[in-house]
Amino acid sequence: MKPPILLIIMMTVISGTMIVLTSSHWLMVWIGFEMNTLAIIPILMKKSNPRAIEASTKYFLTQATASMILMMGVAINLLYSGQWTLSKTLHPAASTMMTIALAMKLGLAPFHFWVPEVTQGIHMSSGLILLTWQKIAPLSILYQISPAINPNLLLPMANASVLIGGWGGLNQTQLRKILAYSSIAHMGWMVAITLYNPTMMVLNLTIYITMTSTTFMLFMYSSSTTTLSLSQTWNKTPLVTSLILTLMLSLGGLPPLSGFIPKWMIILELTKNEMIIMPTLLAITALLNLFFYMRLTYTTTLTMFPSTNSMMMKWKFDSTKKMILLPPLTVISTMLLPITPLLSILD
């Protein structure tokens, strides 16, 4: 794809999300979602091959269905309230339809099936956009309508997402699929807290986007797409290997790394709201995620080939991939825990 065309498409994707973020009118929100969906398709098909085309088609069909359901919810709300405003009070039927539409857009269980398939079929850089930037717009609408959402619908979806996000990733060897299931689980955590403290969801989203972006960048830098290719990075780029180790543990939510902050604060907030079973289930199912992160850590850094170093040494050229943001992103993704008291004050 030529740079000017790519720039125009990227600007359309950003504009679509910004329209959703800044609108107070349901029609403008819907238009923003449509702009975003139509502009992201060429980015997903950047490397044109049958798998990328199939993945883009799946993504388009899912997002188009979600947009249709969202518009139907908006129409029902308009019928009963007579207004297009993005208000805190919604008709129960409209609220249910909008929640289902946003869950489809986010890839929450039981509407999660498209996420691993689409992520696996596209290029790493497209996957990075899909699993980070594309989550902002639906979550912003969820944030705004959170007082009107039915908890009996959203909380089971959140719990199922964390469970499926952990379970689905257990037997995977493809890194993109592992990150897709990781995304489903993280969405579950964010949605679980939306009803009680939406600001906490924004904090979780920020840390999630930082950690996922850094992970994708490291995988692109080391040209790894499977656990097998990742297990050979120790011989090529030892520093990147050790960074992947800490990032995997951070994504798993182990203290004293940054990934522990959102999990800790969400469990704390849910317990303050006199919920015991929900945070317990979330914490137990998060162990499944931790298991496959630990497996990646094990294959990357704790195993060595049963041969001499000179035999396995790959030719080392200077990398042509310039990842300027990698050092600051790595620091943010791993060392934010000491500023947690400040974050809780802001909250």
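The chain as shown is numbered from 1 upward.
Placement of Cβ uses the backbone N, Cα and C atoms for every residue, glycine included.
Keep in mind that TrEMBL annotations are predicted by a computer and have not been checked by a curator.
Over in TrEMBL, the protein carries these features:
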- 5-21: transmembrane segment (TRANSMEM)
- 23-287: domain 'NADH:quinone oxidoreductase/Mrp antiporter transmembrane' (DOMAIN)
- 57-80: transmembrane segment (TRANSMEM)
- 92-115: transmembrane segment (TRANSMEM)
- 152-171: transmembrane segment (TRANSMEM)
- 178-196: transmembrane segment (TRANSMEM)
- 202-221: transmembrane segment (TRANSMEM)
- 233-255: transmembrane segment (TRANSMEM)
- 275-294: transmembrane segment (TRANSMEM)
- 290-343: domain 'NADH dehydrogenase subunit 2 C-terminal' (DOMAIN)
- 323-346: transmembrane segment (TRANSMEM)
At a C-beta cut-off of under 8 Å, are there same-chain residues at least 6 beyond the transmembrane segment (202-221) that contact it? List them, or none. 124-125, 127-128, 131-133, 135-136, 139, 143, 175, 179, 182-183, 186, 189-190, 193, 230, 237, 240, 243-244, 247-248, 250-251, 258-259, 261-262, 265-266, 319, 321, 323, 325-326, 329-330, 332-333, 336, 343, 347
Taking the domain 'NADH dehydrogenase subunit 2 C-terminal' (290-343) alone, what is its mean pLDDT? 73
Beyond the flanks of the transmembrane segment (152-171) by 6 or more, those residues with Cβ under 8 Å of it: 96, 99-100, 103, 108-110, 112, 116, 177-178, 181-189, 191-192, 194-195, 278, 281-282, 285-289, 291-292
So what's near the transmembrane segment (178-196) in sequence-distant terms, Cβ-Cβ under 8 Å and 6+ beyond its ends? 103, 106-109, 112, 115-116, 118-120, 127, 131, 135, 139, 142-143, 146, 149, 151, 154-155, 157-166, 168-169, 172, 204-205, 208, 212, 215-216, 251, 262-263, 266, 269-270, 273, 278, 282, 285-286, 289, 292-293, 296
